[in-house]
Amino acid sequence: MSTLTLRPAPAPTGPPAVPATGAHARLDSRVRFGAGIALWAALLLVTGWWASGGGVRDLGGWESGLTSAGRLTGLLASVLLLVQVLLMARMPVLERAFGQDGLAALHRTVGFTSFTGMLAHVGLITWGYAAGELSAAPGELWDMTWTVPGMLPAAAGTACLVLVVVTSVRTARVRLRYESWHLLHLYAYLGVGLALPHQLWTGQEFTGSATRTVFWWGLWTAALLAVLVWRIALPLARSVRHRLVVTAVVPEGDGSVSVHLAGRRLDALGARAGQFLTWRFLSGTGWTRGHPYSLSAMPDGRSLRITVKDLGDGSAAVARLRPGTRVLVEGPFGRLTARARTAPDVLLIGAGVGITPLRALAEEFCAGPGRVTLVHRYAGTPLFARELTALARTRGCELVPVAGRRRGDGSWLGHGVGPVDDLTALRTWAPDLAHRDVYVCGPEVWTGLVLRTLTAAGVPAGRVHVEHFGW
Ligand SMILES: Cc1cc2nc3c(=O)[nH]c(=O)nc-3n(C[C@H](O)[C@H](O)[C@H](O)COP(=O)(O)OP(=O)(O)OC[C@H]3O[C@@H](n4cnc5c(N)ncnc54)[C@H](O)[C@@H]3O)c2cc1C
């Protein structure tokens with residue numbers, strides 16, 4: 001194991017690599033703000049309709065109060081259910097503003113909230129209809145399911161959503177293979193669809209006026225169209241248009257291979273360094289399962305490259321791909337790109353196979369000494385050692401290899417750095433840390449430790465850009 005000498009970073013020279021306008025970052029932040037406002041406006045609107053329909057007045061009585069509260073939770077849950085679908089529809093404007101992991105985190109929060117609202121809706125309405133007698137509620141629920149129009153499909157839809165939520169709770173999720181969890185998760189679409197007849201036939205707030213009808217149908221149509229366009233039609237159209245094929249599979253050592261791909265008009269794919277796509281290699285069984293892999297080289301309009309570490313059956317199969325294999329892609333996705341950049345100087349911190357998107361970013365960003373520093377952490381054989389050394393030599397990026405096993409639970413650095421704490425080491429490599437954009441990619445726990453050090457160093461949250469390789 002090599003011991004790293006802590007070498008202070010050289011002073012930046014030359015003009016900044018990019019002007020620090022941060023225009024895209026500001027636009028993305030406005031989109032995030034606008035999306036938040038739209039969500040709250042929709043929730044307030046339906047609450048207003050509930051209140052104007054006697055919702056507040058009905059809260060005065062016990063039975064009517066239960067039913068009224070049940071109506072409100074049902075309305076809010078319905079809005080959130082459709083918002084959840086929109087969040088995962090891969091809409092480019094949201095993808096750019098939040099990033100896919102940001103959207104997934106929101107989807108999770110909104111999902112659990114909407115599910116709780118839906119359970120409260122079922123419980124409160126039934127309790128109210130059972131004349132406020134809790135013991136009579138199960139019988140009432142049974143009767144309503146069989147007699148109220150649209151309730152039977154709604155019950156089936158609720159069962160689908162229960163399945164999805166139960167398998168998404170962290171303790172259950174870690175026991176499932178990603179593929180199984182993902183397949184079960186698709187039942188959420190069925191659950192949402194089955195709730196529709198019940199809402200239209202019995203929900204006064206859904207059809208009580210032309211405005212309400214337009215609002216609900218508009219929301220439903222937007223959710224459906226978003227899924228059809230961005231999750232199905234666009235990936236298919238892109239795959240047909242660009243006709244991506246594997247051109248070579250090159251071993252990189254340490255159980256990793258690089259896959260080189262070529263295709264037509266790849267400039268129009270719009271992929272940027274730091275992004276990832278979901279890949280389906282048409283090489284036989286298992287092709288239906290898409291896997292997300294980041295670009296490991298800056299796209300040049302003619303070819304793409306990914307680098308994959310063997311972590312399971314899907315990634316192991318990549319090493320056996322043959323040149324000429326056709327590929328279907330979804331994406332590009334992710335905001336670990338120049339788009340998120342706000343400052344002229346950049347610090348890239350990557351570990352293990354998480355170095356892949358940073359390798360591509362280094363190629364795009366490196367433009368003179370002292371402007372870009374890449375901290376590369378690895379335990380065994382480093383990925384892209386030769387390529388990164390060449391980038392450092394020819395393009396002036398400052399390379400900091402951090403070798404060796406991690407030195408303990410609280411540190412994200414290897415034994416090679418010697419007896420200094422993580423913050424001191426990082427400040428030595430990048431003294432102007434707080435004024436840089438920092439891009440981070442690596443295992444989840446490791447990333448958490450890096451983020452802690454960055455916070456301690458005073459790097460503003462808006463300057464830290466992270467990609468997680470987990471789900
Ligand atoms: C945004 C993103 C970018 C990624 N980029 C790269 C990359 O450039 N190079 C690389 O080697 N790996 C990358 N990964 C991880 C890679 O997708 C998984 O290692 C791979 O899908 C594992 O599939 P498997 O069938 O071989 O393994 P499995 O045995 O199914 O799983 C092995 C591990 O990978 C996780 N995993 C499996 N499928 C997925 C999936 N579809 N999405 C997320 N995690 C999954 C599992 O939770 C498990 O921890 C990336 C992941 C994400 C989310």
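Using N, Cα and C of the backbone, Cβ positions are placed for all residues, glycine too.
What TrEMBL says about a protein is an automatic prediction, not a curated fact.
Not measured: the values here are computed from a predicted model.
What TrEMBL annotates here:
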{"type": "REGION", "residues": "1-21", "note": "region 'Disordered'"}
{"type": "COMPBIAS", "residues": "9-18", "note": "compositional bias 'Pro residues'"}
{"type": "TRANSMEM", "residues": "33-52", "note": "transmembrane segment"}
{"type": "TRANSMEM", "residues": "72-89", "note": "transmembrane segment"}
{"type": "TRANSMEM", "residues": "110-130", "note": "transmembrane segment"}
{"type": "TRANSMEM", "residues": "150-169", "note": "transmembrane segment"}
{"type": "TRANSMEM", "residues": "181-202", "note": "transmembrane segment"}
{"type": "TRANSMEM", "residues": "214-234", "note": "transmembrane segment"}
{"type": "DOMAIN", "residues": "239-339", "note": "domain 'FAD-binding FR-type'"}
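Long-range neighbours of the transmembrane segment (110-130) within the same chain, counting only residues 6 or more positions beyond its ends whose Cβ lies under 8 Å from a Cβ of the stretch, are 63-71, 73-74, 76-77, 80-81, 83-84, 87, 136-137, 139-141, 144, 158, 161, 165, 168. The highest tally of CB pairs under 8 A with the transmembrane segment (214-234), across 33-52, 72-89, 150-169, is held by 72-89. Here the domain 'FAD-binding FR-type' (239-339) has a mean pLDDT of 93 out of 100.
Long-range contacts of the transmembrane segment (33-52) within the same chain, counting only residues at least 6 positions beyond its ends with a Cβ under 8 Å from a Cβ of the stretch, are 68, 71-72, 75-76, 78-80, 83, 94, 97-98, 205, 208, 212, 215, 219. Under DSSP, the residues of the domain 'FAD-binding FR-type' (239-339) split into helix, strand and coil as follows: 16 helix, 42 strand, 43 coil.
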